[in-house]
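Asker: What Swiss-Prot records for 15-35, 50-70, 81-101, 103-123, 136-156, 170-190, 209-229, 246-266, 276-296, 298-318, 333-353, 365-385 is transmembrane segment.
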Amino acid sequence: MDSTSETRSGSWLSVIALALAAFIFNTTEFVPVGLLSDIGHSFEMPTSQVGLMLTIYAWVVSLASLPMMLLTRNIERRKLLVGVFLLFIASHVLSGLAWSFQVLMLSRIGIAFAHAVFWAITASLAVRVAPPGQQAKALGLLATGTTLAMVLGIPLGRVVGEALGWRTTFMAIAGLSVLTLLYLARSLPLLPSQNSGSLRSLPMLFRRPALVCLYVLTVVVISAQFTAYSYIEPFAKQVARMSGEATTLLLLLFGGAGIFGSILFSRYSEAFPRGFLLAAILALGSSLALLLPLSAQPTWLMALSLLWGMSIMCFGLAQQSRVLRLASDATDVAMALFSGLYNVGIGAGALLGSVVSERMGLASIGNVGAALALAGLLLALFAALRYAEALKSTSL
């Protein structure tokens, strides 16, 4: 093998390692969804209160994403990535050892700070270390790692938690992170900071009403999603009366459907720009509205999870693509804002789901989420009509 081939092979291995890191980071954000009941049992707390872990985590990420990106913009990227992983690993060890819910929350805040920095720099790192002309494939691999977190990471985390205890799940994530860190530290070249953006980009972005509308739409629809999804594990067990194994399968089907959602996006989003996004929101709202009616039939509920998983993946990819194109001159800052606002939606949805669970009962989480999705659909229709020219100019 000549030196060029060796370099290219090494570059791809670095990209794959970054994709594995993406898998790990996305798994840990949502793995509590499959462990709420077990964590609540350990600390003698109701799942509605344990679910606030998701809210606090998401809001820390949302508040930290842009400031952390700006604070670290001059740090060499390999060194920064090592620091992020060390914080991530230490926080997971603390999660595994947590002797109180307060300590567990403190550890999750540490993980959230690491998450905020990781996603501010990883896409650009994957592009920079990819072989020449293979940047799009590198981003595709990164997206695959993210998708697999929903397909495999969360169900596997639940399986480990069910068999060995939820603390073991967090310790296993720490162990896998150590191995990933060792490889990345050895394989990545020195990567000086480039094109990291600045605060000067913010006023320019907020003077683009179509972009602002997309940001608001993201918060509304993601809030709808996580009003129900945050509590799907206790819903499946307490309302649908599903076994632990069936609940794990439900999560697996939901995550696996995301793969088909990404295929639908790649095939149809450009051909049907307006209709694709509207259809995704409509399918999401319908899935949430049918959650309670179909809960009496576990087979139908599992079938519904496929539509649900595809629709939220289609929505997320469509929104990300639109933001990138509407802010092609300030992508780092625009995507940091998108990531932050996406997490605002996660936190708001998890908080609303907690309130609904306590005051109206777990059975109502789907209906409340569906009402929010309807508001999102109306907003998307407004954007499609009001900002038709701006969206058309982005080929979306």
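Just so you know, glycine gets a Cβ as well, placed from its N, Cα and C.
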Asker: Are there 3 or more C-beta pairs under 8 Å linking the transmembrane segment (246-266) with the transmembrane segment (333-353), counting only pairs at least 6 apart in sequence?
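Answerer: With fewer than 3 qualifying Cβ pairs, these stretches do not touch.
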Asker: If you count Cβ pairs under 8 Å, which stretch among 81-101, 136-156, 246-266, 365-385 touches the transmembrane segment (170-190) the most?
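Answerer: Top-ranked stretch among 81-101, 136-156, 246-266, 365-385: 81-101.
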Asker: Could you tell me what the rest of the chain brings near the transmembrane segment (50-70), counting residues at least six beyond its ends with Cβ under 8 Å?
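Answerer: Distal contacts: 29-30, 32-33, 36, 39-40, 43, 101, 104-105, 108-109, 111-113, 115-117, 119-121, 196-199, 226, 230-231, 332-333, 336-337, 339-348, 350-351, 353-354, 357.
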Asker: Can you tell me which recorded stretch out of 81-101, 136-156, 246-266, 298-318 has the most Cβ pairs within less than 8 Å of the transmembrane segment (15-35)?
Answerer: 136-156
Asker: Looking at the stretches 81-101, 276-296, 298-318, which one shares the most CB pairs under 8 Å with the transmembrane segment (246-266)?
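Answerer: Going through each listed stretch, the top one turns out to be 298-318.
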Asker: Which bits of the chain, at least 6 residues beyond where the transmembrane segment (276-296) starts or stops, bring a Cβ under 8 A of a Cβ in it?
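Answerer: Beyond its ends, the transmembrane segment (276-296) has Cβ neighbours at 221, 224-225, 227-228, 235, 239-240, 265, 268-269, 304, 307-308, 310-312, 314-315, 318-319, 322, 363-367, 369-370, 373-374, 376-377, 380-381, 384.
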